[in-house]
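Structure first, then comments.
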Amino acid sequence: MAEPREPQKPQEHNVPMITLSDGNRIPQVGLGVLRIDDEGVTPVVENAIAVGYRHIDGAAGYNNEAGVGRALANTGYNTGDKRADIWVTTKLRDSEQGYDSARKAFDRQLGLLQLEYVDMYMLHWPTPFDWRSGETWKAFAEFRAEGRVKTLGVCNFLPEHLDRLHEETGEYPAINQIELHPTWQQREVVAYCKEHGIAIEAYSPMARGADLNAGDGTIERIAQAHHVSPAQAILRWHIENGTIIIPKSVHAQRQKENLDLFGFALTQEEHAAIDALDGPTRAGHDPLTFTYA
Ligand SMILES: NC(=O)c1ccc[n+]([C@@H]2O[C@H](COP(=O)([O-])OP(=O)(O)OC[C@H]3O[C@@H](n4cnc5c(N)ncnc54)[C@H](OP(=O)(O)O)[C@@H]3O)[C@@H](O)[C@H]2O)c1
């Protein structure tokens, strides 16, 4: 069993940067802000910045962009050198897909965030039953040309959706943000993305908490062996896979914990034991049928 270890101080985290196909670099760990109301999200993001997060994952659909914007303004991370030191993602509502509506929505979102640009703008769901990704992408490419978005991404795209987007626009997104955790590993989507230079970003990286006791105590046992929490064992597995992760927590202590992933490593056997937990246990929605209006 490994020696007990001291938690790292924020400045020692050294979160790795992942280089994307467009040349931009994204911190491998960010904070997710789904299901936090607009008022509540401001102190949550301020605290995350204080403990060392330099990557925030938001969306129009989370109805808290103004609150995220206040946190960035209050901490000075909305302008100048500090702005350059943080990665801010937001996403377009499915109901606002389409060229004209995306242009309007994006102006509104930047205003709420009090930012001149976002690091990444994403299509939130592919909505194949109401496909408008190709025409929406034209607006996205303009935002990038205007310098108001650095990286273009998608969420929840299956290979058939990535193929279709590529046929219509000649481009693949730099990132595909998908549900990915030990009991839902989506290996075919991951393999397709690797083959096409698309980085994988895992949402619900702990299955919203459900995977913390996955595998009949497997995660717990691995965590104990390293004197870390089950959350850290799972998040470390993602890090070792090269996946970008955006765990969500409103609690300061958990935020710290979820960033403290770089002072230990899983053994090959432990890593393989988490690989072996793969199963059909989706925690969220099916991209073939779901829309997040
Ligand atoms: N693109 C999409 O369609 C999509 C869909 C879903 C999510 N997302 C993004 O992904 C982010 C993360 O996903 P998620 O929020 O669904 O799930 P998650 O990060 O896997 O899990 C969050 C849950 O785990 C708890 N938790 C966090 N850290 C913990 C720790 N160290 N120990 C024990 N429990 C802990 C949190 O509770 P507390 O907050 O009470 O600590 C919360 O209930 C979202 O916030 C959002 O930004 C994107």
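Glycine residues also receive a Cβ, built from the backbone N, Cα and C atoms like all the rest.
Annotations in TrEMBL come from automatic prediction, not curation.
Just so it is clear, the model here is predicted, and its values are computed rather than measured.
As annotated by TrEMBL, active site, proton donor applies to Y62. Y62 (active site, proton donor) falls within a helix when secondary structure is assigned with DSSP.
The substrate binding site annotation in TrEMBL covers H124. Following the DSSP three-state reduction, the secondary structure of H124 (substrate binding site) is coil. Its Cβ placed at the centre, H124 (substrate binding site) has 24 other Cβ atoms within 10 Å.
According to TrEMBL, the compositional bias 'Basic and acidic residues' annotation covers 1-12.
Here TrEMBL flags 34-278 as domain 'NADP-dependent oxidoreductase'.
Taken from TrEMBL, the feature region 'Disordered' applies to 1-21.
Under a cutoff of 8 A between CB atoms, and with a sequence separation of 6+ in the same chain, the neighbours of K91 (site 'Lowers pKa of active site Tyr') are G58, A59, A60, G61, Y121, M122, L123, H124, C155. Taken from TrEMBL, the feature site 'Lowers pKa of active site Tyr' applies to K91.
Across the residues of the domain 'NADP-dependent oxidoreductase' (34-278), the predicted structure has a mean pLDDT of 98.
All chains included, 21 other C-beta atoms sit within 10 angstroms of the C-beta of Y62 (active site, proton donor).
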